[in-house]
Protein chains: 2
Amino acid sequence: MAAAASTVAPAAAQPLVRLSVSSHGSRSSDRLIPGVTLSSLANRSLRSSPSTLRLLRCRQSVRSNGVMDPVRASAVEAFETAASETLVEKSINTIRFLAIDAVEKANSGHPGLPMGCAPMGHILYDEIMKYNPKNPYWFNRDRFVLSAGHGCMLHYALLHLAGYDSVTIEDIKEFRQWGSRTPGHPENFETPGIEVTTGPLGQGIANAVGLALAEKHLAARFNKPDCEIVDHYTYAILGDGCQMEGISNEACSLAGHWGLGKLIALYDDNHISIDGNTNIAFTEDVTARFEALGWHTIWVKTGNTGYDDIRAAIKEAKAVKDKPTLIKLTTTIGYGSPNKANTYSVHGSALGSKEVDATRLNLGWAHEPFHVPEDVKNRHVVQGAALEAEWNSKFAEYEKKYKDEAAELKSIMSGELPNSWEKALPTYTPGSPADATRNLSQHCLNALAKVLPGLLGGSADLASSNMTLLKMFGNFLKETPEERNLRFGVREHGMGAICNGIAHHSFGLIPYCATFFVFTDYMRAAMRISALSGGGVIYVMTHDSIGLGEDGPTHQPIEHFLSFRVMPNILMLRPADGNETAGAYKVAVLNRKRPSVLALSRQKLPQLPGTSVEGVEKGGYIISDDSSGNNPDLILIGTGSELEIAAKAAEELRKEGKTVRVVSLVSWELFDEQSDEYKESVLPAAVTARISIEAGVTLGWEKFVGSKGKAIGIDRFGASAPAGRIYKEFGITAENIITTAKSL
Amino acid sequence: MAAAASTVAPAAAQPLVRLSVSSHGSRSSDRLIPGVTLSSLANRSLRSSPSTLRLLRCRQSVRSNGVMDPVRASAVEAFETAASETLVEKSINTIRFLAIDAVEKANSGHPGLPMGCAPMGHILYDEIMKYNPKNPYWFNRDRFVLSAGHGCMLHYALLHLAGYDSVTIEDIKEFRQWGSRTPGHPENFETPGIEVTTGPLGQGIANAVGLALAEKHLAARFNKPDCEIVDHYTYAILGDGCQMEGISNEACSLAGHWGLGKLIALYDDNHISIDGNTNIAFTEDVTARFEALGWHTIWVKTGNTGYDDIRAAIKEAKAVKDKPTLIKLTTTIGYGSPNKANTYSVHGSALGSKEVDATRLNLGWAHEPFHVPEDVKNRHVVQGAALEAEWNSKFAEYEKKYKDEAAELKSIMSGELPNSWEKALPTYTPGSPADATRNLSQHCLNALAKVLPGLLGGSADLASSNMTLLKMFGNFLKETPEERNLRFGVREHGMGAICNGIAHHSFGLIPYCATFFVFTDYMRAAMRISALSGGGVIYVMTHDSIGLGEDGPTHQPIEHFLSFRVMPNILMLRPADGNETAGAYKVAVLNRKRPSVLALSRQKLPQLPGTSVEGVEKGGYIISDDSSGNNPDLILIGTGSELEIAAKAAEELRKEGKTVRVVSLVSWELFDEQSDEYKESVLPAAVTARISIEAGVTLGWEKFVGSKGKAIGIDRFGASAPAGRIYKEFGITAENIITTAKSL
């Protein structure tokens with residue numbers, strides 16, 4: 001591909017530097033522009049970008065006139081530039097310099113992307129997108145995702161110019177500081193107007209696929225021939241880094257498959273990543289790949305300056321209804337910086353004061369740091385309010401005509417759960433048939449689908465193993481987007497990130513997704529974003545131990561329970577039977593700002609006496625005890641499929657005259673949140689004879705069994721054999737508990 | 001795409017069923033074929049696959065002759081089939097029925113892929129590949145990877161027919177049983193002849209990229225104009241599942257970029273995955289995508305029966321030297337099964353005895369289960385020995401002419417480390433300048449590169465942040481494959497799996513790879529395979545805590561230390577300064593069957609008194625202590641960048657008259673492996689006043705601080721701010737240690 005600098009269209013608008021003398025003559029002569037000293041200007045070496053060349057020509061002509069020192073003259077000239085720029089150019093430069101100045105003040109951050117993407121960002125936010133800055137959560141807003149999240153100053157600047165209260169100029173000055181609303185990468189939970197949490201590359205574009213999926217689904221369910229009540233676009237900006245990540249290929253393959261026509265991704269093709277020119281690692285034909293994925297593609301070669309080309313491309317993209325569109329925009333990273341543009345040095349570091357000065361001069365931006373001209377700010381406050389008001393009227397009409405649909409849509413928009421929804425969950429008695437918790441999970445999902453209008457989800461090509469099909473619905477496909485079974489294919493990572501997008505689209509959308517528990521390793525980065533960003537995704541993870549048997553160690557999770565117990569703000573739940581599975585779903589549905597991982601068995605498990613939904617809600621509770629006075633001889637603690645084993649061992653030990661308590665520790669996190677009093681009532685400090693049993697690593701169990709107790713578990717990889725044999729060989733048995741108990 | 005069944009070429013070979021009467025007349029009349037009862041034959045419904053149609057025609061003609069009961073006749077006829085088949089067809093059917101029978105006996109496994117891929121597998125192993133069954137580790141062998149690892153019975157059958165000792169017929173009968181050499185997915189550590197461990201989809205094709213990279217690199221380094229001593233191909237079979245996984249796109253993008261011309265991937269295009277027809281989730285144009293990635297592509301529409309087409313495609317692929325090749329072979333999953341072929345039900349379940357009988361009949365395979373005709377086995381023992389002998393002679397010649405190169409190559413082949421290699425590691429004194437461990441790591445890498453001929457690696461587009469460049473080498477690129485700096489681009493998952501391939505190519509190749517520690521979440525599945533498969537990859541993970549500062553919580557690992565401490569067979573090392581970094585590298589290099597994760601700081605750290613390489617080798621050790629008699633008042637335990645804080649707090653507390661021991665717990669795993677005596681000497685049971693400090697989760701530290709100690713850590717996500725501020729706000733400070741100590 002041609003380097004960006006050589007593809008600037010001759011007709012493209014450029015900042016012009018005129019030969020008029022500034023009226024700002026009151027400033028001291030050695031600091032004509034704030035922060036620009038004559039010596040810094042004299043020392044800098046200018047490269048031959050078009051604007052720089054023009055500037056050099058100007059300076060040369062001044063020199064030939066002999067009127068004044070050319071460096072000084074050009075600096076002075078720059079004062080006048082802004083006034084003669086178009087408003088678009090002025091806005092774009094405001095964005096660029098907000099990014100430059102914020103990164104400079106923080107001495108940390110990524111100025112390069114905002115400088116290169118300011119044109120496409122500005123055109124999107126100022127001319128294309130529909131939103132209301134004063135209500136960042138207006139349901140029908142267009143969604144924007146900065147997948148290349150390191151360039152977040154672009155987004156903060158755009159929100160500021162649009163008129164969002166969440167990003168004031170003071171916030172921008174506090175970029176990357178403790179407690180600010182402008183953290184180092186976009187975080188939806190810190191900054192209203194940011195839709196999702198990005199930064200880890202590739203996540204954002206996959207989130208955008210989820211947002212566009214949600215729109216297509218809701219539009220298909222709720223729109224009427226006379227009223228398109230759901231109708232917005234999803235835009236994303238992604239860079240070379242996002243393109244290289246496998247997750248983006250997964251999600252974009254699905255976007256093409258699903259025909260998400262209202263998804264428009266702007267690819268910032270700047271040829272530079274942290275290691276330098278992308279040609280050292282990334283020489284594939286990206287647009288050809290996207291065409292293979294079923295996307296419409298457009299190449300704008302003039303991404304720096306071809307505003308009309310950008311506008312035309314977005315217009316074309318919007319006209320393509322049956323395919324998502326990738327607009328590749330060739331840009332220059334750090335556009336405007338005479339010495340650092342088009343190099344990796346401008347990617348992730350402050351420009352440095354000299355180069356900031358040089359860039360000010362080069363782009364003709366004579367303002368103080370953080371200057372925002374009056375006419376480029378609060379641009380969308382009036383228009384945004386009008387858009388929302390118009391939509392509100394439309395919704396009022398809709399509500400009159402389509403009462404039931406409106407009620408359902410309202411609950412999806414608000415996240416308010418229907419009354420007594422939890423009564424739909426199945427209940428069990430010890431007489432109910434034994435079953436695998438993955439099957440019990442399917443009963444719960446199907447029961448919930450009847451009462452929760454926002455529940456939708458699916459599996460990464462394991463629906464019939466994970467037991468995740470909603471029987472009353474068909475498949476969400478290109479031609480049947482009103483359906484609620486999502487078919488993700490073997491794309492775990494994309495699946496997780498798409499579900500994050502769905503979760504953050506509307507408060508009442510409750511996405512679930514499924515694979516074998518061990519394959520959380522494929523999607524852990526997306527799950528961490530669920531946790532961090534407060535996306536209440538339900539992760540239905542079956543085949544949760546060596547109990548899956550013959551598939552062997554590549555498929556048997558060992559360390560996974562603990563690996564999620566230590567991840568902040570995510571609930572790890574391992575139900576033991578039907579009531580606990582129902583309890584796990586109750587917890588998962590109620591936790592809309594905290595994702596849940598449900599670890600479920602492949603193998604059949606009995607319905608245990610003593611289990612309950614209420615118990616699960618406390619995380620840990622007593623399922624049986626034959627002692628009195630909160631003082632059993634022994635406490636056995638189990639989770640999931642090993643709770644049955646603990647219960648069996650307890651029976652045997654009781655026969656031998658011991659008093660034994662059996663505790664289900666279905667969720668460590670929920671148990672931790674209980675009062676000390678409650679915890680003492682379940683695990684009294686005085687009882688130090690404790691044994692835990694779980695088909696996973698023992699590390700971490702010290703917390704509950706203490707230094708005098710024992711943890712029975714598995715501290716090696718699994719094995720390929722029938723499940724019963726592996727349990728026996730690994731000592732995950734009642735016999736082992738009994739032997740261990742006697743040794744205590 | 002057309003369904004596979006309709007693309008069978010008319011000229012293609014098919015099993016023929018003749019009208020001769022069997023000589024095996026001694027069998028009882030109601031069980032003509034073992035396991036095939038007349039009733040089962042009578043009840044089955046035959047589909048109209050070409051071979052079935054032919055069979056039906058035969059049966060009808062028998063009926064019209066009135067000679068015998070047609071069902072019985074056709075069953076009898078089948079006995080004669082094998083003798084008249086070509087040897088190729090016989091081999092292919094042997095493979096199919098070994099898979100069918102093994103899965104049937106285990107009542108577990110995946111027969112569908114081996115039945116469909118037997119032709120391509122057989123042609124590869126019987127006609128194309130160079131290897132020696134009696135020495136599975138012969139250096140110059142062609143490598144084969146079954147990326148669709150669930151189809152492992154294909155590979156076991158191929159190894160058996162070729163003559164490998166590792167897969168006897170008894171092993172095949174023990175498929176998926178405890179302790180067998182034929183586990184449920186291919187595991188290199190169980191079965192010589194299996195190159196890598198696959199099963200989790202997409203890993204294998206990425207491993208294959210690593211294997212091919214290793215070949216290209218070594219060939220470029222060691223081949224001479226008169227002697228191509230390194231010269232083999234890498235073949236892989238991958239399915240739809242592998243194609244959907246993002247990791248495969250990452251790795252294949254790199255393969256195209258690197259021009260790995262000797263990588264040939266056979267894509268089993270069977271349209272079926274677990275959820276049914278792939279058209280519900282996977283409608284992209286795969287070959288167009290690969291062309292966009294820079295691959296040569298070929299489509300064989302007759303993958304079931306077009307043996308000559310398969311041969312021609314592989315020949316074409318081998319002729320393309322500058323690009324890897326994807327051969328898409330349209331096949332039928334479960335080929336030969338009259339009722340289950342081309343359905344998901346044959347993917348991952350035993351066929352069931354009735355369908356096995358029907359398939360025997362349909363393919364004309366009248367043999368007992370597990371029958372292997374004499375003329376199709378041990379096919380490559382003689383040829384393989386000759387190939388290796390020929391190469392050995394060649395190597396002897398090479399050694400005479402190129403002594404130094406031969407010595408270096410020998411050490412790469414054998415894995416024997418050069419004498420005193422560890423003396424190359426830098427040493428430090430407390431007077432050495434403070435530095436970030438990521439920089440100290442770079443000194444180690446560059447020192448080791450001079451003495452370890454097999455060291456090569458790189459970063460996922462963070463070389464200048466991870467500090468991983470080998471300064472004496474250039475970039476491994478298409479035209480410069482002799483160089484050792486790998487540029488992975490932003491493809492963490494592919495990077496890890498490619499390194500697994502490199503590690504398993506030759507015993508002496510030592511791959512390292514790097515990213516920010518938090519992004520291990522992107523590559524965890526590959527890292528787990530390193531651990532499981534015994535691939536001694538060195539994971540150089542920098543920016544290992546909140547100490548990275550402003551990038552914020554998306555970039556700050558919190559739970560990651562523990563998440564690797566609980567993963568079996570992987571070493572988590574967190575060095576505190578220069579000597580500990582050197583120690584970590586010593587451990588990592590020595591552990592060739594166990595990967596290492598080195599967590600390294602972004603921020604500067606002082607060179608601490610008392611740290612040592614020997615200490616690191618023990619995992620935990622005392623760096624300072626002013627007590628006597630192994631009985632300090634207090635033990636402070638730190639790791640990595642927090643060891644400095646522990647040391648500072650100790651100084652303060654000692655000033656106040658306490659005796660304080662400071663322990664560096666740089667690797668929990670290594671410390672666990674020490675004798676009880678040693679452990680007691682470091683952490684005496686009698687001293688219960690213990691405080692740990694680490695910028696990560698506290699769960700798990702109970703093991704070392706006990707119920708009376710305290711763990712100082714971080715049990716929430718991080719924050720965006722300068723590092724010092726976050727440390728202070730989160731209480732990761734000497735002051736907090738001192739306050740906590742006083743509370744004990």
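A Cβ is built for glycine as well, from the same backbone N, Cα and C atoms used for every other residue.
Any TrEMBL annotation is an automated prediction that lacks curation.
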Note: TrEMBL has B:ASN270, B:ILE272 binding Mg(2+), and from B:ASP240, B:ASP285 that site also includes B:ASP240
By the 10 Å Cβ-neighbour count, the most surrounded of the recorded positions B:GLU492, B:ASP551 is B:GLU492
Densest Cβ environment (other Cβ within 10 Å) across the binding-site residues B:PRO200, B:GLY241 belongs to B:PRO200
Near chain A at Cβ under 8 Å, of the listed binding-site residues B:HIS110, B:LEU201, B:SER465, B:PHE519, B:HIS555, we get B:LEU201, B:SER465, B:PHE519, B:HIS555
Listed binding-site residues B:HIS150, B:PRO200, B:LEU201, B:GLY241, B:PHE519; those within 10 A of B:HIS555 (substrate binding site), CA to CA, turn out to be B:PHE519
One should report the C-alpha separation between B:PHE519 (thiamine diphosphate binding site) and B:GLU492 (active site, proton donor), rounded to whole angstrom, as 7
B:HIS110 (substrate binding site) and B:GLY199 (thiamine diphosphate binding site), compared by Cα position, are separated in whole Å by 11
When the binding-site residues B:SER465, B:HIS543 are compared by other Cβ atoms within 10 Å, fewest goes to B:SER465
As a whole number of Å, the Cα atom of B:PRO200 (thiamine diphosphate binding site) is distant from the Cα atom of B:ARG438 (substrate binding site) by 32
Rounded to a whole number of Å, the separation of the Cα atoms of B:ASP551 (substrate binding site) and B:ASN270 (thiamine diphosphate binding site) comes to 45
Argmin Cα dist to B:ARG438 (substrate binding site) over the recorded positions B:HIS150, B:GLY241, B:GLU492 returns B:GLU492
The recorded positions listed are B:HIS347, B:GLU492, B:HIS543; by CA-CA distance, the one closest to B:ASN270 (thiamine diphosphate binding site) is B:HIS347
By Cα geometry, the one of the recorded positions (B:HIS347, B:GLU492, B:HIS543, B:ARG602) nearest B:GLY241 (thiamine diphosphate binding site) is B:HIS347
Cα of B:HIS543 (substrate binding site) to Cα of B:GLY199 (thiamine diphosphate binding site), in Å and rounded, measures 32
Rounding to whole Å, the Cα atoms of B:SER465 (substrate binding site) and B:GLU492 (active site, proton donor) are apart by 15
